[in-house]
Structures are given as structure tokens and as C-alpha cells.
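> Below are the features listed in TrEMBL for this protein:
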DOMAIN    255-348  domain 'Transglutaminase-like'
ACT_SITE  Cys263  active site
ACT_SITE  His322  active site
ACT_SITE  Asp345  active site
BINDING   Asn385, Asp387, Glu437, Glu442  Ca(2+) binding site
Amino acid sequence: TQLKVTGVDFLKSQNTRLHHTDAYDNKSLVVRRGQGFQLKLTFNRDLSTTDKVKLQFTIGDKPMKTLGTLMCLNVRSGKDYNGWRATIIKSSSNECQVAVTSPADAIVGKYCLEVMTESNTYKPENDAVYLLFNPWCQADTVFMAGDAEKNEYVLNDTGYMYVGSANYIYSRPWNFGQFEEFILDACMYLLDQSKLKLGTRRDPVAVSRAMSALVNANDDRGVLFGNWSGVYTGGTSPVTWIGSVSILQQYYKKKKSVRYGQCWVFSGVLTTVMRCLGIPARSVSNFDSAHDTQEDLRVDVYLNENGEQLNNLSQDSIWNFHVWNDVWMKRPDLPAGFDGWQTIDSTPQEQSQGVFQCGPSPLTAVREGNVYLNFDCKFVYAEVNADKVYWYVKNVNGKQKYIKIAVDTRAAGKNISTKAVGQNKREDITAQYKYPEGSPEERLSMQRASSFISGNGFLAHFASATLPMAGVHPDVHPRSRSPHEVLPSTEDQHKVVAKPDVQLEITSKTPLYPGNPIDLGIIVKTSAPRSWTINLAASCQLQSYIGQIKANLGSIKQIVKLEGKSETQIPLKIAADKYMEVLASVGDEDLIKVTVIAETEGTDEKVTKETTLVFQYPPITVKMPETAKVDEEFTCAFIFKNTLSIPLDDCKLFVEGLGMFKMTSFDEGDVQPGGIFKSQIICTPKRAGEKKIVATLTSTQVKGISVEKAITVS
């Protein structure tokens, strides 16, 4: 009788356990490249030594042997084919077990399997085999040594986004959910959308760069539309997402870009995509992140005579925080020394090679100032190193005059944060991005970077570091201007700003809760023996996290007289109704920006100080058992008490528990001061291990109160 294949057993539980892929909610076999897996073949009769059996793996629409997209493996000879190999390891009667190995640089993607004998070709009912990057394989360019690190950066499906401001950082729980239903298929769809040639899909550098472009919808019908307007009709407000799963599932199901994301949402989705494909990844928050549109290592800030920041004079900005990603890989495309963590960023800020994409940019290149290296090191370098130049805009005879107040060389790149390995806490990784401010290494890095950057931003940095300024002819500044403006001279732009004799501090009397007045103290200190007359201007503004001013809330102007070395405190109070109306009209979580300018009479000395206040909120309480069993129901309750002095209108609660229940929302209506609501959900765990339930609450007045609670499932 002619030999025919009657069945293929993919030995899924055994293979996926060995390949660390057993968590994927997928009917097909998911394995990693460079590592063997086994298949069990069944035939219509006993196997004889002369029977010919071949396994054929194909990928793509037009598989070809010459392109390495069609591999025909003879299980008898066990011959190596482009690094692929299949050998019989045991056979008895009408069954045989075959070991298959793929090369450590195999194309990543969805393969089809056929088993061929001389007389027939058998196509299994579920013929797909997903092949992923393999951080457990030393020969793979994404190899990562430590098990704790791989458990975090590849296998952990939950984490945090660090948000707020440099002086008040808080964590927002995020479900990455890389193993959930349809997520792997969504990632395969993204690879197809990327227009990367199949042969290039073996390269994590090319894949991570392509995915940084595809997670935003700007030029390629990617996953998410960005929106920072505060108006989110026709979509979901960025603050209501609690994870990547519903975003990627919606995108894959409808094949349409999802509305809307902001930086932490883009980063969360990109972490999911990278971990899902097997590339170690982490979400990273940079506080006081410079968005330097001109690539000149400086961000200009313009203040009016009330100390209020002006929006319209500069395209540059300092974001209170910006969240991007690091991915782990070797860089064979670069000189030695640039392996390890690489920054990629899917938030559409600036185009790179004509596309909204960013990275991979080696952290070692950023730290050392080697900004000429691929990809986009200049932009990332500026985000963590740009100087902040303050300009005072004064009306003189109907014309605007620009006076330089200060250069802050330490303004950008503070408290760079990611989730710690194996712990639910923040790790500060600033030292991986930059040398300590003011150190000789930092000076050297800045000099190296500046030699590759045209423009003049770094000159201010050097001026403040008292370096020679000979022969400099910078572009005239500011960048957009009306015919009636008096421009700052070259001299003004690069004037060294000495340490002032007047110091300012801003203190907050109490934590800031929505509905409470803003109650601040401005401390003015003098450090030289003389009589002082100081013109003080201070302002409060409502600001989005990307540095856009939404409203001027109030300002004070005062003449302060002091004798010798002394200090005084000036109160700055803003009534709650000044900001609550604006806060309720936008769909974002905004912050309070406080700016102070002090001008000493009889001198040219001007000092400025600013701070950002983050709103604090009452908590959500989660009540549920500490342990649970697979497939056994339990109840989880969410309780919220409005301890604020204002009603919260149109409250919505969003909850999700990976491996327990899909994202669910509850309309809670209006909650008065002192009011309480309680919502419950029935959970049925599907997988063992530590699982997390995440919840977030939004309302007209308050956005993004979030909480998480862990449960151990056995």
C-alpha cells in the first residue's frame, strides 16, 4: 500500500512549555526560532526504512526556496536546509516522532506545514506554526541572559506607565496582554502591513523600527490615531484605556485605526507587540521631556510680563512626561559597543526618513553623544539633554522685545523610569541614558553630540558652562515672528547667565484635590548684603501634559522690598471655580503650571522659577479573595467614595482582568460629594499564576483614577 499521512500531532503542551509560549491563547502551535520542537506523524500503515517523508514549511504568498520562504525537509536524511533540519527521533509501527529545528535567524511569522510522502501531500486541519524571536537562544540577536529579566521583559503581561510630573510621579497600571486572543494574529497582520520584505522579518532592528511606525496611524493605516486636543467625540479618550488588548483586538477585527491614543497608550501597545513577537521590551517614562523640533538641542520658552507662558511663539515644548519604549537586541549593523537596550517610539512627533517612526536608537550612543548613529539618536538625545532657554517678552513702543532671562541646562530628562524587574515598583534608569549633570563625562558627551548637530542650541549649554564662544553666527531667533518684533541679538542669545543673588521657591500648602482652591507660597530669598527692590510676577496656568497652555487662571504682581540676606513669603491663591470650568470642558488629565519671574531694580538681573502641580484623587477600593482556583467563579467588587467637595458627573468605571474577564464598563451616573457607588463582576480564572485586576474611573471633572489588585490563581 502507498504510504499516506493520516494525522499530525503538534504536541502543543510539551512544545509550548519548552518554548515559553504556553500562555498564548491560540489554537495553533507557537514556537521560538533556533530551538527544536517535535511533531508526531501518523500514517495509514507501518513505516518502512525505504518510505520517503518530507516536511514542507512555507511562509508568505509566493514561497520560494531561493528566498528562504519554502523549506522542504527530508526527515530521513536530516539534511540541513538553510539552517532548517528535521529528523526522526523515534518510530513505532504506524507512528513517528520528528524533531524540527529552525535557524536562530529564521524569518519570524506564520508558517504553513504540509507533510509529503511519495504519493500524497497531507495538510493538517490547523496547519499554522507561528515562529517568534527567541531571547532564550544564545545565537538569536535578541538573546537576553537573565531569567528574571526575560520573565519581566518578554513574559510579563501587566505593568505600569509612570506619569505625572518630575516632582510627583505616580503609576498607572497597564495590561499589555500579549498572550490574549487575537493579539498574536494582530501582530502578524501588522508585519504584513509593514511592507517589510519577508527576508527582512528575521531582523529585530528592522521589525522594531517598522512597528514604531505601525502603532501610530499617521502614514500607514496603523493601530492608533493620536489626539491631544481634549475633544474625543467619535472615539475613546486616551485616559480611559487600561490596556492594549481591546485596542489591538478592535484594530484586528475592523482593520481600521482606533481612536484615540496619547504617548503612554502608544507605548503600551508597542510593548505588547514587541513582547508578543518575542523581542524583550519595556515602557519608559522620561520626565520633563524635550520635544526639540529644530534638532538644535534647545527648547525656547516665552513668558509675558505676568509670568504667563505664551503658547504661540515656539514649536518646541517640554512635555511633563513622555513615554516611549526600549527593546533589547544586538546591533550588527553598527560598530561594536552598541548592543543592548535601544529606544523606539511610536508616538508621532517628528518624521524620520519621511515616516512617523523613531529608533531603534542605542542607549549607549545616546549616553556617549554619538548621535550620528542609526536610528534617530539626535532626537532621543535632545529629549533627555536639551537646554531650556527662558525669554521675557516685553512690549516696548508697540513692539515686542525679547530679553533672555535664563538658561536651564538641567531642564530635560529627569527621573527616567520603568517598572523594576520582578517587582511592582519604579526603577530609575536615568544613568543608562545620560551621565550625571555637570560631570566631566556629561560635558564630553555634550561636546561630541554638538559636533554632529547643526544649529545653535548646544551653544547656550556651553555658554553656561563658560566655554569659549568664538566665531559663532547662529540662526536668528525666535523662529516665527511678526514684522513688529525686536529680535534678540546673537549676544543676547548666548549671554552667560550667572548664578543670581535672588532665589525663588514655590511651596504648596496642601495637596491639590479638584474642587479645592490652589494655595501657594512664593519664597523670595536674597543672598547679598544690600537693599533690594524686587518686581515679582507670578502666574498659575492650566496646562496639558505636553506643555500646551489651556487657560490662564490668575496672576499677581508685587514689589518686594528686602534688606540684606533675608527672605519673605508671598501668597498666591486661586479659587477652585477658576480652573474647574476648564477642567470639566476637556477630556484630559491636566496639570497646574506655576511660573514666577523676579526682576531686581537697578540691575539687569531676572530670575525665573516654575513648578507643576498634579491633582490628587480619592481612591477606588477593590474587594475580592486573595486566592482563587482555575475555572472556579469568584466575585470582585469595586467601591468608590467621592470625598471631594464637588459632584462628579457622568462617572464611568472601566475594569479588566487578563485571563479572567474582558474589559467591561459600568455607567455610574453622577456621584455627589460623600456619595458612594459599588459595582461587581463575576470572574472565572482561565490560567494559573498571579493575575491582576485593573480599574480606572473617569468623570466630567476628574479623569484617570486607577487601581490594581493581584490575586493568586492555582
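Any Cβ shown, glycine's included, is placed from N, Cα and C.
Curation does not apply to TrEMBL; its annotations are automatic.
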> Measure from the Cβ of His322 (active site) and count the other Cβ atoms within 10 Å, all protein chains considered.
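I get 25 for this one.
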> DSSP says what for the domain 'Transglutaminase-like' (255-348): how many helix, strand, coil residues?
15 helix, 40 strand, 39 coil
> From the recorded positions Asp345, Asn385, Asp387, Glu437, Glu442, pick the residue whose C-alpha lies nearest to the C-alpha of His322 (active site).
Asp345
> For the recorded positions listed here, Asp345, Asp387, Glu437, Glu442, which shows the highest count of neighbouring CB atoms within 10 A?
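Per the Cβ count, the most surrounded site is Asp345.
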> Which recorded positions (Asp345, Asn385, Asp387, Glu437, Glu442) fall within 10 Å of Cys263 (active site) by Cα distance?
Asp345
> Distance check, please: Cα of Glu442 (Ca(2+) binding site) against Cα of Asp345 (active site), rounded to an integer number of angstrom.
24
> Which residues, sitting 6 or more apart from Asn385 (Ca(2+) binding site) on the same chain, put a CB under 8 Å from its CB?
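Looking at Cβ-Cβ distances below 8 Å from Asn385 (Ca(2+) binding site), excluding near sequence neighbours, one finds Ala290, Leu297, Ala412, Gly413, Lys434, Met446, Ala449.
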> Measure the Cβ-based neighbour count of Cys263 (active site), defined as the other Cβ atoms within 10 Å of its Cβ.
28
